[in-house]
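Asker: Below: one structure in structure tokens.
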Amino acid sequence: MAASHPYFNLPDFTQPSPPSTPSSLTSNHHNRCGPSNATKGLFVALLGGGLSAGFVGPFSRMAYQTSQLPSLELLIFRCLFHLPIALILKFRGDPLLGPPDVRVRAFLHAILNVLSIGCAYSAVQVVPAGNAVTVRKGSSTVCSALLALCLESQRLSGYAWCGLFGSTLGLIIIVGPGLGTLQEGTTGLYTALGYVLAFLGGLALSLGLQVYRSLHFPSCLPTVAFLFGLVGLIVSVPGLFVLQTPVLPQDTLSWSCMVAVGLLALVSFVCVSYAVTKAHPALVCAVLHSEVVVALMLQYYVLYETVAPSDIMGAGVVLGSIAIITAQNFSCDKEGQVEE
């Protein structure tokens with residue numbers, strides 16, 4: 001039945017129509033061509049998740065270059081934008097920490113997301129923003145596909161696998177030449193560490209998406225968004241004073257970057273969390289590769305950092321793969337038929 005499909009929540013058209021309903025109207029009612037729920041989720045991930053998140057990495061790097069802003073301080077500022085969501089939960093009468101039976105998983109989701117963001121912010125400070133985003137998104141896509149196959153036995157169509165392979169290939173084209181020219185000594189060590197942090201950030205992101213898909217309760221999205229801010233503050237504030245040195249920005253550019261990072265990251269968090277409930281997590285991560293293209297454009301036009309021909313070629317492959325993934329999910333919802 002369509003109602004039991006793991007990715008779609010289609011209306012129940014199995015009930016017999018009234019005798020007075022003309023057959024032509026019934027046929028039109030049961031044969032609706034348009035984007036499926038998965039396609040809608042992918043569009044939300046593309047427009048709200050990928051494009052907005054593409055600005056986060058370059059803006060974070062700008063704040064670091066301008067005021068030497070520590071990564072944990074930027075994470076703290078971002079978490080502050082999540083705390084007002086508690087007002088929504090209070091207004092609806094829902095518990096701030098979620099129902100007791102899923103509270104542990106909700107906190108685990110928040111911890112994984114904080115770890116992912118912390119690794120990402122640290123990575124963009126030592127490697128080019130576009131490359132850091134590339135490694136993080138590539139690892140999240142591959143890990144999401146493997147986790148979905150191992151934990152949920154979810155099948156992907158041939159077009160989906162083609163899109164996943166193409167998007168991952170595009171990321172390899174972008175970051176491959178840079179990995180082959182790492183410098184020896186301290187500089188090369190820090191650069192390699194940045195790529196490792198970016199990979200761990202992608203792994204934590206994929207795990208967090210899988211945990212979120214297992215949460216089913218009212219106000220799930222605002223609850224996990226608030227918990228992200230709460231856990232992020234609890235972890236980051238002590239870590240800032242122990243591991244890093246707090247910096248109070250004195251210029252308008254740094255404050256503008258911090259506000260932009262907080263707002264755009266919140267929008268991306270909400271859109272990605274919504275999208276992963278509608279579509280396969282690996283496909284969502286693949287569509288989020290649009291963040292790489294945006295980051296590369298800002299890296300060249302705003303940060304004035306070099307963009308190699310391989311970056312442009314890889315970005316084109318990524319965009320083509322996103323088009324394949326999105327197009328293969330555009331379908332006609334018909335009575336008694338469900339996409340595989």
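Positions of Cβ are set from backbone N, Cα and C atoms, glycine also.
Reproduced below are the annotations present in Swiss-Prot:
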- 51-176: domain 'EamA 1' (DOMAIN)
- 223-327: domain 'EamA 2' (DOMAIN)
- 11-31: region 'Disordered' (REGION)
- 39-59: transmembrane segment (TRANSMEM)
- 69-89: transmembrane segment (TRANSMEM)
- 107-127: transmembrane segment (TRANSMEM)
- 160-180: transmembrane segment (TRANSMEM)
- 189-209: transmembrane segment (TRANSMEM)
- 223-243: transmembrane segment (TRANSMEM)
- 257-277: transmembrane segment (TRANSMEM)
- 283-303: transmembrane segment (TRANSMEM)
- 307-327: transmembrane segment (TRANSMEM)
Asker: Looking only at residues six or more beyond either end of the transmembrane segment (307-327), which have a C-beta under 8 A from one in the stretch?
Answerer: 39, 42-43, 46, 130, 134, 159-160, 162-167, 169-177, 283, 286-287, 289-290, 292-293, 296, 299-300
Asker: Report, as numbers and ranges, every residue of the chain located at least six residues beyond the transmembrane segment (283-303) whose Cβ falls under 8 Å of a Cβ in that stretch; write 'none' if there are none.
Answerer: 38, 41-42, 45-46, 49-51, 53-55, 57-58, 61-62, 128-130, 133-134, 137-138, 140-141, 144, 156, 160, 163-164, 167, 170-171, 174, 205-206, 209, 272, 275-276, 311-312, 315, 318-319, 321-322, 325-326, 329
Asker: Give the mean pLDDT for the domain 'EamA 2' (223-327) on the 0 to 100 scale.
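Answerer: Computed over the domain 'EamA 2' (223-327), the mean pLDDT is 84 on the 0 to 100 scale.
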Asker: For the domain 'EamA 1' (51-176), give the DSSP counts of helix residues, strand residues and coil residues.
Answerer: 100 helix, 0 strand, 26 coil
